[in-house]
Amino acid sequence: MTVARPIKLAILGGGPSAFYVASRLLQLLPTSHARGEKLRVHIYDRLWAPHGLVRYGVAPDHPEVKNCTHKFDKAAEDPRFRFFGNVNVSNTPSAIPHTVNVNLEALYPHYTHILMASGCTIPKLHPALPPSDICSPALSLVHWYTQHPTLPPPPPLEKLTHVTLIGHGNVSLDIARMFLTEPSHLAQYDVPPHVLDKLAQSSIQHVSIVGRRGPLEASFTAKELREMMNLPTAYMVPIDTDLLAKPEERLRELTRQQTRTLDLFKKGSKNAPGSTRKSWSIDFFRSPTGLSPSPSSSSSRAHLSLAHTTLDTQSRSIPTGQTSSLSTDLVITSLGYHASPTDAWYDPALGHIRNAQGRIISSAGEVMRNVYASGWAASGARGVLAGTMMNAYAVADTILMDRFPGEGGRGLALAAGPVVPPTSVGVSNAGARELLNADPDLDLDGMPGEVEDAVKMGRVTQYGDWKRIDEEEVRRGQKLGKERERMGWEEAQKFIFERT
Ligand SMILES: Cc1cc2nc3c(=O)[nH]c(=O)nc-3n(C[C@H](O)[C@H](O)[C@H](O)COP(=O)(O)OP(=O)(O)OC[C@H]3O[C@@H](n4cnc5c(N)ncnc54)[C@H](O)[C@@H]3O)c2cc1C
Ligand SMILES: NC(=O)c1ccc[n+]([C@@H]2O[C@H](COP(=O)([O-])OP(=O)(O)OC[C@H]3O[C@@H](n4cnc5c(N)ncnc54)[C@H](OP(=O)(O)O)[C@@H]3O)[C@@H](O)[C@H]2O)c1
């Protein structure tokens, strides 16, 4: 009888992509199956709490998005699964002081497979708009209102009347909603008290959302735009109707999303112009060229210079030669994200990890045997959670197909649907390097010594620790009539490790 070879997978990153891969593998290889007995999945995240952008990204007034965590909890109940929070796996130390740092190579002797699920954590910056006291990347704002462990300082909302967001994506709309919604309404959600206090001091009256292309090219979705139109406490400045005319020659090509967007803009906001104290506007075909502080006598703090743009034949934005400027107090750039250049196998030309169908490719073009990428780390910062889930399932299937080749999925005793066959890239690439442990008798529960030590010292959160925190946060929230009251690391650490 042949002995089943183990799959012992270390996943770097504990966001939704990691949990969806883990969940799929654990489901497809149940413990009742010989191969399932030899499956282990260990997730490492540099943050102390799991779930990546679901905890530290999704806007607080979208609580339903976080329901995916029920599935993650279910996966974590499997005894073959472990989560190690507060562990940065990288050859570059984390900027968060309390994080345990482990080199990627330290994992190799302990695992048969590695999955990079480290997301796209770096905001794209605009060359004309470097961060300063009058210009901030959207991610700093998101990290502020989600109490991310990097703890960015609060924006000076009490000094601002006019804020400009650059970028027509959903993150811009998330931030605009946070600024234009009454803090008393936000108080029912997962918003930390210091954030609510700051929002209550805000003197923002207008939010301007500026993009370099037109309404048909905007990347925000209709649902999020409708929410903006229905804001109870703000109106939208009507858009020049010329910009909203359906170009006759393109009428048939419009997607449903584009038609909806145009219809929403034409209908305008629920509140009539001038009927509320706060307002917002959206500018199309404007690309920033510079930002300069205003002279102290001016009421606004900065002048944003804008090049007027149009579209070329490939729908790219190109300057027309005309320019204008906008007086504003704070510019927030929301231009999307890329993976960290310090991530292994990062490709600067792609802005994410080089891979084909989830299999990592070295800079020399070799398939890295048993090393994979999923989620935003593999695809770039595109798409919503449903897309991240589909990608993760496909990568989990690829891992299984590579481990059990030639079975076409049939020999896997599958419980949960078909395995997607691998496509163009061959796994038996002659140049592939074997990095990981291929010993059939590998210790299934072993891990790097530094992780083991850090676990003993109470520096690492495991999933059971997180669930206790999760329950406590919800309990504290309920007492205050809100979704949850978050803990920071210090409080969480005391709660987990110093309880009698
Ligand atoms: C601000 C924002 C709001 C969003 N809101 C929504 C929404 O409302 N609805 C929706 O459907 N989608 C939303 N999305 C998209 C959604 O969040 C993504 O589709 C999804 O989070 C991608 O999952 P991921 O696991 O690939 O990456 P992430 O969620 O980013 O997870 C990556 C994880 O890797 C960890 N990590 C990184 N480097 C290391 C390392 N070296 N060692 C250990 N761990 C590491 C990070 O700490 C993080 O936890 C939003 C995205 C953003 C940016
Ligand atoms: N509620 C939700 O479902 C939700 C919430 C938040 C995020 N998300 C998802 O998360 C992903 C990331 O969202 P995002 O808003 O960060 O990014 P995004 O959707 O990619 O939008 C980025 C915006 O920035 C613009 N931009 C990029 N580079 C620019 C430059 N150099 N100069 C001027 N403008 C520039 C883009 O314009 P061009 O198109 O011209 O490049 C685009 O309008 C998206 O897929 C989004 O749907 C979903």
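Along the chain as shown, residues are numbered 1 onward.
Heads up, the Cβ atoms here are built off N, Cα and C, so glycines get one too.
According to TrEMBL, the protein carries these features:
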- SER17, LEU53, VAL89: FAD binding site (BINDING)
- HIS168, GLY169, ASN170, VAL171, ARG212, ARG213, GLU224: NADP(+) binding site (BINDING)
(message) If I take the Cα of LEU53 (FAD binding site) as reference, which of the binding-site residues HIS168, GLY169, ASN170 has the closest Cα?
(response) ASN170
(message) Using CB atoms and a 10 A radius, I'd like the single residue among the binding-site residues HIS168, ARG213 with the highest neighbour count.
(response) HIS168
(message) Distance check, please: Cα of HIS168 (NADP(+) binding site) against Cα of VAL89 (FAD binding site), rounded to an integer number of angstrom.
(response) 33
(message) Roughly how many Å lie between the Cα atoms of ARG213 (NADP(+) binding site) and SER17 (FAD binding site), rounded to a whole value?
(response) 31
(request) Between the Cα atoms of ARG212 (NADP(+) binding site) and SER17 (FAD binding site), find the distance and write it as a whole number of Å. (result) 31
(message) Quick check: in three-state DSSP terms, what is SER17 (FAD binding site)?
(response) helix
(request) Around ligand 2, within a Cβ distance of under 6 Å, which of the binding-site residues SER17, LEU53, GLY169, VAL171, ARG212, ARG213 show up? (result) GLY169, VAL171, ARG212, ARG213
(request) Check the binding-site residues LEU53, VAL89, VAL171 for other C-beta atoms within 10 angstroms of each C-beta and report the one with the most. (result) VAL89
(request) Identify which of the binding-site residues SER17, ASN170 has its Cβ surrounded by the largest number of other Cβ atoms within 10 Å, counting every protein chain shown. (result) SER17
(request) Using a Cβ cut-off of under 6 Å to any atom of ligand 1, determine which of the binding-site residues VAL89, HIS168, ARG212, ARG213, GLU224 qualify. (result) VAL89
(request) Round to the nearest Å and give the CA-to-CA distance linking GLY169 (NADP(+) binding site) with VAL89 (FAD binding site). (result) 30
(request) Please state whether DSSP places VAL89 (FAD binding site) in a helix, a strand or coil. (result) strand
(request) For HIS168 (NADP(+) binding site), name the DSSP secondary structure in the helix/strand/coil scheme. (result) coil
(request) For the FAD site as recorded (SER17, LEU53, VAL89), determine the largest distance between any two Cα atoms, in Å, rounded to the nearest integer. (result) 18
